[in-house]
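Engineer: Take a look at this one; I'll ask things after.
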Amino acid sequence: MFKFIHIFLLFVCLFCSTSIDATNVSNANKAYKEKRYQQAIKDYELLSRTQRTASLYYNLGNAYYRTGDLTKAILNYERAAKINPFDRDIKFNLRFVRAKLKDGFTDEDESFLMTWYKSIINVMSIDCWAILGIISIIIAIFGSLSYFFMSSVTIRKYGFYISSIGIVLFILSTIFAISRKSVIDDNNYAIVLSPIVYIKNSPNKTGTDEILLHEGTKVYIIDRTFKDWYKVRLADNREGWLPIHSVEEI
């Protein structure tokens, strides 16, 4: 009895949480349509604490852009692109806002194979790849049972083929799900938030100023060993040190 009540309460909490999130999204979208952009930003930021979806970050980026905050717009477009890198609207807005930056750095070119691989893993979400993996292993089990326990040679042959296909699909879907999660959880890219900041040759304030960066520039974090400094790499492969507070991870 108590177990049933516990399960029932879990479902109620899940339903209420989903309903609240849907209401908050609706309120944020309404604020944006009514051009109350600061309120929309506040609502979207609140939602982003519990949700990580491309559409949420895209809308948040649009709201920031409408208020003239190009840096935060880029940050959220980048977050949206990390989740859904082939969305045309996200890519267009990101290129459009990047063109307004003072620093003309662009993303590093990827190899054809890497682009092709990413296009595959981004066909579906992590959950969809996981579901496909579960279905595939069920198919593999069904095929194996047919192969080992059926007397008909034809059925056993088909069972072998089905189980083989199921195993291959399970392995691939698992790899793609892990790869997809790895891409989304990769926090090594960051956006410069400070209006002006210098990349230094050492992780301290007395280090030599080497490269001047402006807000909105994308960097890659390659070293986190120092408390208040990140070692970063630019798109042109130059490296140096930036204060942690001057950037925000994507």
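Cβ from N, Cα, C; glycine included.
According to TrEMBL:
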{"type": "SIGNAL", "residues": "1-22", "note": "signal peptide"}
{"type": "REPEAT", "residues": "54-87", "note": "repeat 'TPR'"}
{"type": "TRANSMEM", "residues": "129-149", "note": "transmembrane segment"}
{"type": "TRANSMEM", "residues": "158-178", "note": "transmembrane segment"}
{"type": "DOMAIN", "residues": "185-250", "note": "domain 'SH3'"}
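If you look at the structure here, what lies around each of the features I listed?
Structural biologist: The average per-residue pLDDT of the prediction over the repeat 'TPR' (54-87) is 94, rounded to a whole number.
Outside the transmembrane segment (158-178), and at least 6 residues removed from its termini, the chain residues within Cβ reach (under 8 Å) are 120-121, 124, 126, 129-130, 132-133, 136-148, 150.
According to DSSP, the domain 'SH3' (185-250) comprises 4 helix, 34 strand, 28 coil.
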